[in-house]
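Taken verbatim from TrEMBL:
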COMPBIAS  1-15  compositional bias 'Basic and acidic residues'
REGION    1-37  region 'Disordered'
TRANSMEM  40-57  transmembrane segment
TRANSMEM  77-98  transmembrane segment
TRANSMEM  110-131  transmembrane segment
TRANSMEM  143-166  transmembrane segment
TRANSMEM  187-208  transmembrane segment
TRANSMEM  297-318  transmembrane segment
TRANSMEM  330-347  transmembrane segment
TRANSMEM  359-380  transmembrane segment
TRANSMEM  401-420  transmembrane segment
TRANSMEM  447-473  transmembrane segment
Amino acid sequence: MADIKHNDNDHRLEVAETPAPSSENPHDNNNKGKTKKKRVASVDVFRGLTVALMILVDDAGGEWPMIGHAPWNGCNLADFVMPFFLFIVGIAIALALKRIPDRCNATKKVILRTLKLIFWGLLLQGGFSHAPDKLSYGVDMKLIRWCGILQRIALAYFIVGLLEIATQGAQPKELPPGRLSIYKLYFWHWMLGACVLIVYMAVLYGTYVPSWEFKVQNTESADYGKILTVACDVRGKLDPPCNAVGYVDRQVLGINHMYLHPAWKRSKACTEKSPYEGPFKKDAPSWCRAPFEPEGILSSISAILSTIIGVHFGHVLIQMKDHSSRLRHWIIMGVGLVVLGIILHFTDAIPLNKQLYTFSYVCVTSGAAALVFSFFYIMVDILKLRYLFLPLEWIGKNAMFVYVMAAEGIFAGFINGWYYDDPHNTLTYWIQKHIFIGVWNSRRVGILLYVIFAEILFWAIVSGILHWLGIYWKL
């Protein structure tokens, strides 16, 4: 997944197979090892899981806040989705760019796909699309949101993809002996990771954040139009109002171009219904009403680390030829990253925080991605239990299509455009109310089951049909 797309040649490895000598001539030279291209199906399964998780946490997270984004510090299920995307992007970069006959052409493709990702990101999350709830479209350019999920993937893909192209050919065909040889072989990737981490940490802890003010832009707020002040004048703070991540975005993007509904609005400081959404407390601090960009500039720079780790796993897949060596490396590294991140968090050195994309968060989520991918690799590519994960594999092979139609609500918005008498009297709402919520007599359970069966499973079946027809949405 060099981006969120499927390409028949992206995830194939050449495997040398040496057949047994024939009984007539055990020394037959014509029976030499043949090279066979074998698809790594666990890549598609992992990508499909990531898209399915995004649909689940986005559409059921309101009723089940424990799976939604953590209001600030911490790590819920939803907080694993973005790093999982970036991790699998990294693996697919390594596989897709393992051979480059023409560097110039490869660079053009990377640039073009980057621009396509940015375009779709602005279209879907910049404010132009109001799906699925509002039957309108269009955005005031004074308020357009410049950052988003696809824009962050585009940045990581662009930087790491160009590095992969630039360093291609510098590695020998065979992995040199030594435990650290795989790291030495891709020295420049780790140098990039070190530079990213140094820049991020220096800006995060070294930037002075002055007090700031903002105008409430949320039209649904009782304070709409008011100008509020947030007192800071500090350096190195990682709290919601006074961190360097938000400061950089306010200075570069402009406060009017940031996300209006950050997860911190569900924090205990803002609402008594925390972790659910609810009205603000009477004494809620002013920053509760402020915008914040969870896919902002500084945090997106840190997010490149997730893709670099993913690329490393792709390099292991290419360079190490046997399953046991690959799994040993992946699992040890995955466990090590998780343990390191947990230690940093619980010693209060660096908190787990998705909004800031802290280093501890990178470690825990990348380590978790490594372990989940290792599990799928064992089940799908080693034990050949691929049929158990076919719905996820189908989604993974048409991930961009499912992301746009389901995760961004484009298909639901289209269905909601055909209503009877009232805009809320649509097929989507009828199915939710009468088939799921009504049957279970519980909105929470009904919404969860609706998302699992009427969204995730439905799009898995659609993706399976498209796969059978050989139709894929490519960027």
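Note that Cβ sites are derived from N, Cα and C of the backbone, with glycine treated the same way.
Just so you know, TrEMBL annotations are computer predictions that nobody has curated.
Taking every recorded stretch in 40-57, 77-98, 143-166, 330-347, 447-473 and counting its Cβ pairs under 8 Å to the transmembrane segment (359-380), the highest total belongs to 330-347. Sequence-distant neighbours of the transmembrane segment (401-420) (same chain, 6+ residues past either end, Cβ-Cβ under 8 Å): 4, 51, 54-55, 58, 120, 124-125, 129-133, 135, 395, 426-429, 455-456, 459, 462-463, 466, 472-473. The listed stretches are 40-57, 187-208, 330-347, 447-473; of these, 187-208 has the most Cβ pairs under 8 Å to the transmembrane segment (297-318). The stretches the transmembrane segment (77-98) and the transmembrane segment (447-473) are not in mutual contact, being linked by fewer than three Cβ pairs under 8 Å (pairs 6 or more apart in sequence). Residues of the same chain lying 6 or more positions beyond the ends of the transmembrane segment (330-347) and with a Cβ under 8 Å from any Cβ of it are 309, 312-313, 316, 359-371, 373-374, 377. Residues of the same chain lying 6 or more positions beyond the ends of the transmembrane segment (447-473) and with a Cβ under 8 Å from any Cβ of it are 5-7, 48, 52, 55-56, 59-60, 62-64, 390-392, 394-395, 397-398, 400-402, 404-406, 431-432, 435-437, 440.
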